[in-house]
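Q: When I checked TrEMBL for this same protein, it listed these features:
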TRANSMEM  32-50  transmembrane segment
TRANSMEM  56-75  transmembrane segment
TRANSMEM  82-101  transmembrane segment
TRANSMEM  175-194  transmembrane segment
TRANSMEM  246-265  transmembrane segment
TRANSMEM  340-360  transmembrane segment
TRANSMEM  366-388  transmembrane segment
TRANSMEM  400-423  transmembrane segment
TRANSMEM  429-447  transmembrane segment
Amino acid sequence: MEPHLSSTNTQHLLEQQPLITATTTTKNSGKLALIPLVFLIFFEVSGGPYGEEPAVGAAGPLWAILGFLIFPFIWSIPEALVTAELATAFPGNGGFVIWAHKAFGPFWGSMMGSWKFLTGVLNLASYPVLCIDYLKLVFPVFSSGVPRYIAILVSTLVLSFLNYTGLAIVGYTAVTLGIVSLSPFVVLTLVSIPKIDPSRWISLGQKGVQKDWRLFFNTLFWNLNFWDSASTLAGEVDQPQKTFPVALLSAGLLACLGYLVPLLAATGAIPLNQEDWTDGYFAHVAEIIAGKWLKFWMEIGACLSIIGLFEAQLSSCAYQVLGMADLGFLPQFFGMRSKWFNTPWVAILVSTVIALAGSYMDFADIISSVNFLYSLGMLLEFASFLWLRRKMPDIDRPFRVPMGLPGLVIMCLIPTVFLVYVMTVAARTVYIVSFILTVLGILWYFFMNFCKSKMWFQFHNTAEKPVCED
């Protein structure tokens, strides 16, 4: 469905037409409905409480509870509002790439694509690692060495093939995985109620345990971001102008409650042993509170949740690549779809190969690198949002953040401060890796332009004057 402009902005409509046409080529029969989209967004952002444990280990129960209570208001809600407005105004595959392209031209559209794609595939790489970390609690053979590497490889390939079978299948699979993976936390919460001591919630941590603020904020950031990732699927969504705002709100409530309620139950029901609160500790909490049966159930739920996380993130990465091919940032063959499933198989393959390479990094390094690159992309995304609101005030926005430009600046300024903080506390290795990847993104943009000039590959012709030139 194309954005509608008033009669005084016919010129804008003519300029936007090639972009919209290139990004809305999917048959209606394969469109995503509301419920599958809700759970895909849920898995893009959260997937359940699995992975929030290091926040307690880094800063203690009180700070962890406050973090998951307050952080959604200063970060998640602004990001979700920006996504809702722009995804409904420009409902095409590519999402944030379209927004940056519209606002600042092709170079910044390409840089947004590079930063967000690398963020996505590095994030994708962390999920098989997290899955194996849970499995090794049951099968110690996966703790290290060749068996661990083989397990990561096989799980990545199998999950990628599931994504290849179709976005509709992935969406309804996400619904099932979401319900099943959250169910042990419902049981944990109910069993914990008689054992909860509210005084444990106000603990600032054990004496002698130094706070790790870098790990604390990275954990919050990693568990509560990526609200915009599903925007790359906008071209595959049924009536995105109506569906996206509702889906974002529903997924937000589900994600925030999914983090906070089990955290309150677990920290209130057992004495604090702060150093034990690392990835996978919820399974031990389940065993302490209810027995081995709940521990086993939770470990199964963790693996199922990671499958959902992987599928949702791979879908986002693949359809971003598809959208970039539609926009002419990548050769046309990157947008090739399967004849059987209508899925972008080349994009899925490319994303899988890069994710496999990243999956052998240290898990903490993956999170830090993802957060830094994501911060760069989000700074550009907020700038694009504000610039488009100023320069294209008359474009039809089915969902519009109910604020004037000064209010929007303040709304974006608060998470921007946090983004800058996350970037300043990054380790030296993260700076080096992010710098190298950014330079590669710049070189890739000019290399693609060189390929166009030499006509080495076929590109979609979506030449469009950026808004900032109007």
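Note that Cβ sites are derived from N, Cα and C of the backbone, with glycine treated the same way.
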Q: Please determine whether the transmembrane segment (400-423) and the transmembrane segment (56-75) are in contact (criterion: at least three Cβ-Cβ distances under 8 Å, sequence separation 6 or more).
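A: Contact between the transmembrane segment (56-75) and the transmembrane segment (400-423): present, because at least 3 Cβ pairs are under 8 Å.
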Q: For the transmembrane segment (340-360), what are the same-chain contacts with Cβ under 8 Å, counting residues 6+ beyond its ends?
A: 26-27, 30, 117, 120-122, 124-126, 128-129, 149, 152-153, 156-157, 160, 163-167, 314, 317-322, 325, 333-334, 366
Q: Do any residues, 6 or more residues outside the transmembrane segment (82-101), come within under 8 Å Cβ-to-Cβ of it, and if so which ones?
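A: For the transmembrane segment (82-101), the list is 1, 3, 19-20, 22-24, 108-113, 116, 227-237, 240-241, 244-245, 248, 319-320, 322-324, 326-327, 329, 377, 380-382, 384-385, 388, 395-401, 412, 464, 466.
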Q: Find the member of 32-50, 56-75, 175-194, 366-388 that has more C-beta pairs under 8 Å to the transmembrane segment (246-265) than any other listed stretch.
A: 32-50
Q: In terms of Cβ proximity under 8 Å, which residues at least six beyond the ends of the transmembrane segment (175-194) contact it?
A: 35-36, 39, 42-43, 47-50, 254, 258, 261-262, 265-266, 268-269, 282, 285-286, 289-290, 294, 297-298, 300-302, 304-305, 307-308
